[in-house]
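Data block below; observations after.
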Amino acid sequence: MDPASSEYYFPLYSALGYFALVFGIGEVARILTAKYVSSRGNSQLFLYELIGTIQMCTCVYENGIIFKNYGFPAIFLCVGLLLTAGGIFNRGAWTNCAPIFEQFIFGNLGSTKFITILSAQLIGATFASKFAYLIWNLTAPYSSAHLENASNLDCVLQYKQTAGIVIAFEIVGAFVVRVVVAQLLARPALIRLIPFAISAYLTLALYIVGVPGLNPIVATARLYGCQGIDTSSFMILYWFCPVLGWLAGAYVVGQKGPAKKTSKEAKAEKKLKAAAKKAQ
């Protein structure tokens, strides 16, 4: 028997088809956005963020099939490759609120763009589950893995560690990831390793804690409303803790606000604005 036709690989084929479909629809949506939505203002920014967030959060739903059938090494590789693909196709979409909190707090992102991006992420996280279940239901006749997922609406969080350790993992993990990302960004030859550094943390958290977080938007899309944690605990664990850890990491690596303009630069800018007004 051909190993490629073995039933062992059927869940993998289902997952690959799922990922290809989600990224394909996302790319078509981005192409249409670029063609028909003006880059002026924040409409295009909002749509790119919305599309990217729905795409990445929807993919997270399928990761369970990879982990269930192929274990920790496979989920590490899967998440790393998905993040790499997201970096290629997402048109700069963040799909994570921790970095935009960092940019906003340190003065590198205006309030209008901050609200635009965050609102797009929250809406995208809300729709991801509906998109995932739609795909599972449509493909259920062709995939036993998708049939099982489509018929299973229960979501129960089961932690392997005490609350204190879980909280520490979210804070320390986000802190470490932010520091590691800064180190890799400083070395152009190693930038491609960033997705796999993030994947390594998530895989480690899955192994030790049982329910990884790190990204509040993904956690909201996949875990919010699950049994085993109430709303206030969810917000503390999956929003406050990772954002706190990320900001602490940004502070340690020396995140800076926008450079202040010299008096000469300020005067030159005023002259350009005055000239522009006269020309109108």
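Keep in mind that glycine also has a Cβ here, set from the backbone N, Cα and C atoms.
Any TrEMBL annotation is an automated prediction that lacks curation.
Quick caveat, the model's predicted, so the values are computed rather than measured.
If you check TrEMBL, you get these features:
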TRANSMEM  12-33  transmembrane segment
TRANSMEM  45-66  transmembrane segment
TRANSMEM  72-93  transmembrane segment
TRANSMEM  114-136  transmembrane segment
TRANSMEM  162-181  transmembrane segment
TRANSMEM  193-214  transmembrane segment
TRANSMEM  234-254  transmembrane segment
Are there residues at least six beyond either end of the transmembrane segment (12-33) with Cβ under 8 Å to its Cβ atoms? List them, or say none. 44, 47-48, 51-52, 54-55, 58-59, 62, 65-66, 69-70, 78, 82, 85, 89, 91, 131, 135, 139, 142-143, 145-146
Hey, which of 114-136, 162-181, 193-214, 234-254 has the most Cβ-Cβ pairs under 8 Å against the transmembrane segment (72-93)? 193-214
Residues of the parent chain within Cβ reach of the transmembrane segment (114-136), under 8 Å, 6 or more residues beyond its termini: 18, 21-22, 42, 45-47, 49-54, 57-58, 60-62, 94-97, 100, 103-104, 146-147, 149-150, 217-218, 220-222, 224
